[in-house]
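Student: Just dropping this structure here.
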Amino acid sequence: MRAKKKKIQTIPSHVRLGLLSHPAVVKIQDKYWFHEFSEDAFPGQTFGLEIKEILHHSKSEFQDILIFKSTSFGNVLVLNGIVQCTEKDEFSYQELIAHVPIMSHPDPKKVLVIGGGDCGVVRELVKHTENGSVASITMVEIDQLVIDLSVRYLPDMAKHHNHPKVKIEIDDGFQFLQKLELVDEADKYDVIITDSSDPEGPAEEFFEVNYFKLLKNAVKKDGIVIMQSSENIWLNINYLGELVQKAKKVFSNVEYCQCYMPSYTSGQLGLIVATCDESKNLKKPLRRLDEDEEAEMFRYYSGEVHEAAFVLPTWAKKIVR
């Protein structure tokens, strides 16, 4: 049963900017700007967006939540001071993290999403229910408020949150996977997607070896897991290399791919893809659509983009591989 929705408190639009006190929001002359900064993740640099209107700001049980309308990227969801998605470019990340594993699997009937409260990944997965390949989608999100706010302020992303083949569990993703330790092979998942926030607070445990072990236990032997890596080759490549090595301690077939993401500091976002099936070539889609079908179904993903996403500069391959 889904948790009862809490009433969302709002501030009148004409006074929101003047009243808001947030460390990531600053006034420069007569304009307000959001600045994303993190001394741990990307020291010495910041990413900024001009704010047109503050839509929501609150602190849930788990995190600080800010949603604002920007002048150039549409509505923006920010958790703990870090941009999670914007209406302008969210589809690049959502499509790559969803379609790479789905198109690499011969028969992805059962899919699990850990995190992803904005429901963008769910939206992409629902596309595969129409042709009969995906039969069930379970999304496990710890913060009900993120879902509620996404439905309200990011309606295109969250439009399939109540789809009949989608089940939403309000739970801690780590604990949810722990409950699956004794399940039979038939009850495991074909694809598991970890769409978590960056490794701070409740999401920190999603970037450790123990989490990879839980993923391996919950996915079928020929299944595929994919997760956002938080870092990319331009921000903290040494950390990224360590994360790939953690995955390789658990999975025998591990790859790294990346997408263009202008709202993410440095303009790229990386993903780790893994399976225990050594015969799988994760870099090439097992199933392809023709160009017309791709144009109708996707805005970012294609068979060509799938393969290109795994191509890294020479200097980066030495560390990440």
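Just so you know, glycine gets a Cβ as well, placed from its N, Cα and C.
Pulled these from TrEMBL:
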DOMAIN    31-276  domain 'PABS'
ACT_SITE  Asp195  active site, proton acceptor
Student: For the domain 'PABS' (31-276), what's the mean pLDDT in this predicted model?
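Tutor: Here the mean pLDDT over the domain 'PABS' (31-276) amounts to 92.
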Student: To see if you understand the setup: which same-chain residues, six or more apart in sequence, place their Cβ under 8 Å from that of Asp195 (active site, proton acceptor)?
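Tutor: The list for Asp195 (active site, proton acceptor) reads Ile97, Val113, Ile114, Gly115, Gly116, Val121, Met227, Gln228, given in order along the sequence.
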Student: Helix, strand or coil for Asp195 (active site, proton acceptor)? Use DSSP.
Tutor: strand
